[in-house]
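Participant: Can you keep this structure in mind? I'll have questions shortly.
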Amino acid sequence: MAAPLVLVVLAAVTVRAALYRSSLAVFIAERVEVASPLNAWKRVVEGLALLDLGVSPYSGAIFHETPLIIYLFHFLIEYAELVFMITDVLTAVALYLAIQDFNKVVFKKQKLLIELDKYAPDVAELIQTPMEMHYIPLKVALFYLLNPYTVMSCVAKSTCAINNSVIAFFILATIKGSAFLSAVFLALATYQSLYPLTLFAPALLYLLQRQFIPIKLKSKTFWLYTMQYASLYLCSLVVIICLSFFLLNSWDFIPSVYGFILSVPDLTPNIGLFWYFFAEMFEHFSLFFVCVFQINVFFYTIPLAIKLKEHPVFFMFVQLAIISIFKSYPTLGDVALYMAFLPVWSHLYRFLRNIFILSCVLIFCSFLFPVLWHLWIYAGSANSNFYYAITLTFNIGQIFLISDYFYAFLRREYYLTHGLHLTRQDGTEAMLVLK
């Protein structure tokens, strides 16, 4: 399997290198779909210029990246293109190794449940075989490296690529069962963009499963392990934040990074839901609705944890999608990360209801973003309503896509237990309806 992965990596690096040398690089770097006020390369360069002049990069309202990022590029600015290409490759390799291990766990679990007669007798066609699962890790790496969203983020030198890499290594550490590394990478991801905090729950559930600890609120073992993992996570986060303070000798980065993410003061258009809504809102209502919008990202974690406590990796996938849809400054790079997991759930395709329509919606929206932007900003023949309409359609398409996968996942799990051919008490065929 190593040879195909190397070919995929070589193809991805070639595409990126060619685009870096083309005239498209400047055009892509200016696109609001791939560069937000948080992760745009132009802002990183301005922050570096301020740092070189001995001025705090957070003294103005331009730079909103974390101190570790600015110090990373302070030393590697001349090799920025190489750094972003290596980052993408490392992300793909981490996802490849993570899914490889996850498939082994799934196969062992299936085998055990079959031996214990936990599956209905007529569901053989729903069981994943080793042959079906063999190429899934390669497909995941392919979906990430050659996804146009990922390529554009890399060419634009959006620091979203670094966030994705940290999350990918967090997923790898979690699936490998390393609580320490999982907590460290989750702390790094939270430090970078705050919202990965919601991945704490699926990671904890997976690690509990790996340790064969029952998920029971009355269990002392459950609470002991939870406190250990939470302590590792919080200690790692405190260490990283303190390191940032020692680098800058100032706490200015906290309001400039996390305050900026939470309060959403910059209403530059992007593919998210915040900018247009708050641009049109009266000032005295904005605080209330900012709280409502921000809570939306975290609100789904508890109900999903209850429903998917036996399936933490699928929970993680859904949570990544929720973050990419509802965060304050999303980019296409965020969308690319959760889309890389779609091959993992290829066994759900038979239960998906609207996959073709939703795929078309997302593709057409991707092409219409630059068209409607040009009509609004340059041609003057459209206005912000046009661009927000396509943004709204794109996000609704994502919501329906994730809902479709969630429905398909629950339906397959029900069939595995109760059988494919459902009957009523009178012997007639029954129809499964999920509410």
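All residue numbers here begin at 1 and follow the chain in the order shown.
Glycine is treated like the rest: Cβ placed from N, Cα and C.
Automatic prediction, not curation, is the source of TrEMBL annotations.
Okay, so TrEMBL annotates it like this:
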SIGNAL    1-17  signal peptide
TRANSMEM  68-99  transmembrane segment
TRANSMEM  166-187  transmembrane segment
TRANSMEM  193-209  transmembrane segment
TRANSMEM  230-251  transmembrane segment
TRANSMEM  257-278  transmembrane segment
TRANSMEM  285-306  transmembrane segment
TRANSMEM  351-373  transmembrane segment
TRANSMEM  385-407  transmembrane segment
Participant: Check for me, if you would, whether the transmembrane segment (193-209) reaches the transmembrane segment (285-306) - at least 3 Cβ pairs under 8 Å, residues 6 or more apart in sequence.
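Facilitator: Yes, the transmembrane segment (193-209) and the transmembrane segment (285-306) are in contact.
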Participant: Can at least 3 Cβ pairs under 8 A be found between the transmembrane segment (68-99) and the transmembrane segment (230-251), with each pair 6 or more apart in sequence?
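Facilitator: Yes; at least 3 Cβ pairs under 8 Å.
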Participant: Let me spell it out: take the transmembrane segment (385-407), skip the flanking residues so only those 6+ beyond its ends count, and list any with a Cβ under 8 Å from a Cβ in it.
Facilitator: 269-273, 275-276, 317-318, 321-322, 324-325, 335, 345, 348, 351-355, 358, 361-362, 365-366, 368-369, 372-373, 375-376, 434
Participant: Which sequence-distant residues neighbour the transmembrane segment (230-251)? Criterion: at least 6 residues beyond either end, Cβ under 8 Å.
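Facilitator: Same-chain residues near the transmembrane segment (230-251) but 6 or more away: 56, 58, 66-68, 71, 179-180, 183-184, 186-188, 190-191, 200.
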Participant: Which residues of the chain, 6 or more past the ends of the transmembrane segment (257-278), have a CB below 8 A from one of its CBs?
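Facilitator: Beyond its ends, the transmembrane segment (257-278) has Cβ neighbours at 32-33, 36-38, 61, 64-66, 193-195, 286, 289-290, 293-294, 325-332, 335, 369, 373, 384, 387-388, 391-392, 394-395.
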Participant: Six or more residues out from either end of the transmembrane segment (166-187), which same-chain residues have a Cβ under 8 Å from its Cβ atoms?
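Facilitator: Same-chain residues near the transmembrane segment (166-187) but 6 or more away: 90-92, 94-95, 97-98, 101-102, 105, 196, 199-200, 203, 206-207, 210-211, 228-229, 232-234, 236-237, 240, 313, 316, 320, 337.
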Participant: Determine which residues of the chain contact the transmembrane segment (285-306) at the Cβ level, with the cut-off under 8 Å and only residues 6 or more beyond its ends counted.
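Facilitator: Same-chain contacts beyond the ends: 195, 197-198, 201-202, 205, 262-264, 273-274, 277-278, 315, 318-319, 322-323, 326-328.
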